[in-house]
Amino acid sequence: MKNVVFICLLSIPLFCLAAEESNADYRAVKVAVDIDKSLLPSDAENWILYVYASKPGARLPLANFKGKLSQLPLNVTLNESMYLLPHLTLKQAEDIVIIAKTTKSDNPHQKSSEDLIGYSNGLSFKDNAKLSTSVTIDQRDKNKPAK
């Protein structure tokens, strides 16, 4: 019995090391999100906030967060487990951009001329699996509402 306990105790550091190694490749982005105060609507509690990562030029999220505009300023970490579609995750992209969008609609696909948006600079996972950036919602969303 003592040998079994001894072997189990010896294997604990190996399991910890394996978990640490797998976490080293686990992609995540820490994002500080804020809004240009001149654009802040008086009814911010009624606005939905979406913060998501996508490939540059694409709008499909690789990782996403949903909250309320009234939570700003906000720090959020987007990671590989926050995908919408299993074939579109942070693991599938080297270069990304973070988008923060706010809307009155509960449907992220429904567009309105009131929607507000902000973009990060381009980011790359080429040298690091852990990134950080900031996004300020600073403009109207120029994508046309669906008719």
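Glycine residues also receive a Cβ, built from the backbone N, Cα and C atoms like all the rest.
Remember, TrEMBL labels are computer predictions, not curated facts.
The DSSP breakdown of the compositional bias 'Basic and acidic residues' (104-114), given as helix, strand and coil counts, is 0 helix, 0 strand, 11 coil. What TrEMBL lists as compositional bias 'Basic and acidic residues' is 104-114.
Feature annotation from TrEMBL assigns domain 'Cytochrome c-type biogenesis protein H Ig-like' to 29-138. Residues in the domain 'Cytochrome c-type biogenesis protein H Ig-like' (29-138) partition by DSSP class (helix H, G, I; strand E, B; coil) as 15 helix, 51 strand, 44 coil.
Sequence annotations record features per position, and here TrEMBL assigns region 'Disordered' to 104-125. Remote same-chain partners of the region 'Disordered' (104-125), defined as residues 6 or more beyond its termini with a Cβ less than 8 Å from a stretch Cβ, comprise 27, 29, 31, 33, 35, 39, 41, 46-48, 50, 56, 90, 93-98, 131, 133-141, 143-146.
Positions annotated as signal peptide by TrEMBL: 1-18.
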